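Undergrad: Copied straight from TrEMBL:
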ACT_SITE  ASP317  active site, proton acceptor
BINDING   LYS23, GLY96, ARG124, GLN171, ARG348, ARG389  phosphoenolpyruvate binding site
BINDING   LYS23, SER24, ARG28, SER169, GLN171, ASP317, LYS344  3-phosphoshikimate binding site
DOMAIN    9-422  domain 'Enolpyruvate transferase'
Amino acid sequence: MSLDWIASPGRPLRGEVTVPGDKSISHRAIMLAAIADGSSRITGFLEGEDTRATARIFAQLGVRIEAPNPSERIVHGVGMHGLRASDAPLDCGNAGTGMRLLTGLLAGQGFASVLVGDASLSKRPMARVIEPLTRMQAKIAAEAGGLPPLRIHASNDMQGIDFEQPVASAQVKSAVLLAGLYAQGETRVHEPHPTRDYTERMLRAFGWPIDFSPGQARLSGGHRLQATDVSVPADFSSAAFFLVAASVIPGSELLIRRVGMNPRRTGLLAALRLMGADITKEYPGEQGGEAVADLRVRHASLRGITVPEQLVPDMIDEFPALFVAAALAEGRTVVTGAAELRVKESDRIATMARGLAALGAKIEETPDGAIIEGGRLQGGQADSHGDHRIAMSLAIAAQRAAGPVRIGDCDNVATSFPGFVELARSCGFALETAASR
Ligand SMILES: O=C(O)C1=C[C@@H](OP(=O)(O)O)[C@@H](O)[C@H](O)C1
Ligand SMILES: C=C(OP(=O)(O)O)C(=O)O
């Protein structure tokens, strides 16, 4: 039985919130710690379904992982060649990041693996990783159309490549770099636009020689990783829902604590500020080698903008929330260059267009974005299509609707944001859960 949410017009948001650990960093921390020499302690680990699936997979591959406390893992690394075959398929759940990065990491092992996922992940394109990995001599079979399950055969003769990436994707870049650890010679990746660089930064933290700058990365195979402790900052993408919610609900003022501020993640901050948002950065610092800050957000009257295309990769997961801000702003917002949204957990252009239209918004889909006329929202029914970010975005929209909104199929929020309902309520959201009808 799945869960619906009933979200109602809310009161001003007030107080302080701390959102869970970064999903991208948590996946990578488990992966690198698993193939390092020695034991690594991960703190701030995201207890989400996606990252727990990745941890479970490494346990299946013979890595001992302890969980002494919530959000903490001790990973007893088995070294570069210590992973062992699993008889059972490796279930990545809902996680594109898990599946794509694991495909790269497992491509150069001396044993075969099968990667599977849930209904949503089973529809997501994997050819984008299979193609470069095949050029590196990996042997990977997919279903028709390059879809999961992926059957990865043993390969002991991976070769480095010089890869010109057609789409800006940190997952594809990371898959190629992780395969490059096991390849002979040099692996180079060039991106059409810089994307999040967590794999590169974490490889360096684990002692692997790597050269990288925005838009390019280069490493050679044949080294080893040394265990290190990883302190995971709070996920900007989870903070994003509170940034938008407090911006659009009159009378709100929220403080969001110690949020990861890697510039490849904070495009939404720039977009919201262009719209007139009142968000200030306080106490900038560092956590686990990443920039962090407290973010203070106060309600402001937002106006529509044309979202600069160069911001798109830096806010790729934040468009569902941005669409809500746009639907409540004065004037027109235009999004272009964001066709990647169509191959996420759902087609996020279509699901947001449908969801917001059901609440009376004027929103027109385009092949690579949307045109949204700001205005008023009404109550009604909207479906998240099992997509965590759509569910949370619609819950924000409902805080400004004229009546309650029933949001269908919200279980998957636990993939990235366990505890969202409780945290949202604690600062003023009107949000109830109910069994699906
Ligand atoms: O590398 C990562 O951790 C991620 C990269 C992005 O995907 P793409 O690489 O497909 O753009 C993002 O949407 C996803 O949530 C996490
Ligand atoms: C796209 C996302 O994640 P993934 O690709 O890992 O499923 C997301 O969290 O918005």
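Heads up, residue numbers simply count up from 1 along the chain you see.
Cβ from N, Cα, C; glycine included.
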Undergrad: Using only C-alpha positions, which one of GLY96, ARG124, GLN171, ARG389 is spatially nearest ARG28 (3-phosphoshikimate binding site)? These are the binding-site residues in the record.
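TA: In terms of Cα distance, ARG28 (3-phosphoshikimate binding site) lies closest to GLN171.
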Undergrad: Among SER24, SER169, GLN171, the binding-site residues in question, whose Cβ has the most other Cβ atoms within 10 Å in this structure?
TA: SER24
Undergrad: Among the recorded positions SER24, SER169, ASP317, which ones place their C-alpha within 10 angstroms of the C-alpha of ARG389 (phosphoenolpyruvate binding site)?
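TA: Passing the 10 Å Cα cut: ASP317.
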Undergrad: Where GLY96 (phosphoenolpyruvate binding site) and SER24 (3-phosphoshikimate binding site) are concerned, what is their Cα separation in Å, rounded?
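TA: On Cα coordinates alone, these residues lie 11 Å apart.
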Undergrad: For ligand 1, list the recorded positions among SER24, ARG28, ARG124, ASP317, ARG348 whose CB atom is within a distance below 6 Å of it, in sequence order.
TA: SER24, ASP317
Undergrad: Tally every other Cβ atom lying within 10 Å of the Cβ atom of ASP317 (active site, proton acceptor).
TA: 23
Undergrad: When a 10 Å sphere is centred on the Cβ of GLY96 (phosphoenolpyruvate binding site), how many other Cβ atoms does it contain?
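TA: Taking all protein chains shown, GLY96 (phosphoenolpyruvate binding site) has 21 Cβ neighbours within 10 Å.
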Undergrad: Of all the binding-site residues given, ARG28, LYS344, which residue's CB has the most CB neighbours within 10 A?
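TA: When each Cβ's neighbours within 10 Å are tallied, ARG28 tops the list.
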Undergrad: Would you find the one among the binding-site residues LYS23, ARG124, ARG348, ARG389 whose Cβ has the most company, meaning other Cβ atoms within 10 Å?
TA: ARG389
Undergrad: At the level of the C-alpha atoms, what whole-angstrom distance separates ASP317 (active site, proton acceptor) and LYS344 (3-phosphoshikimate binding site)?
TA: 9
Undergrad: SER24 (3-phosphoshikimate binding site): which of the binding-site residues ARG124, GLN171, ARG348 is the nearest Cα neighbour?
TA: GLN171
Undergrad: Out of SER24, SER169, LYS344, ARG348, which binding-site residues lie by ligand 2, with a C-beta less than 6 Å from some atom of it?
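TA: Result: LYS344.
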Undergrad: Just to be sure I understand: of LYS23, ARG124, GLN171, which binding-site residues have a C-alpha no more than 10 angstroms from the C-alpha of LYS344 (3-phosphoshikimate binding site)?
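TA: Near LYS344 (3-phosphoshikimate binding site) by Cα: ARG124.
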Undergrad: Give the distance between the Cα atoms of ARG124 (phosphoenolpyruvate binding site) and SER169 (3-phosphoshikimate binding site), rounded to the nearest whole Å.
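TA: Distance (Cα to Cα, whole Å): 14 Å.
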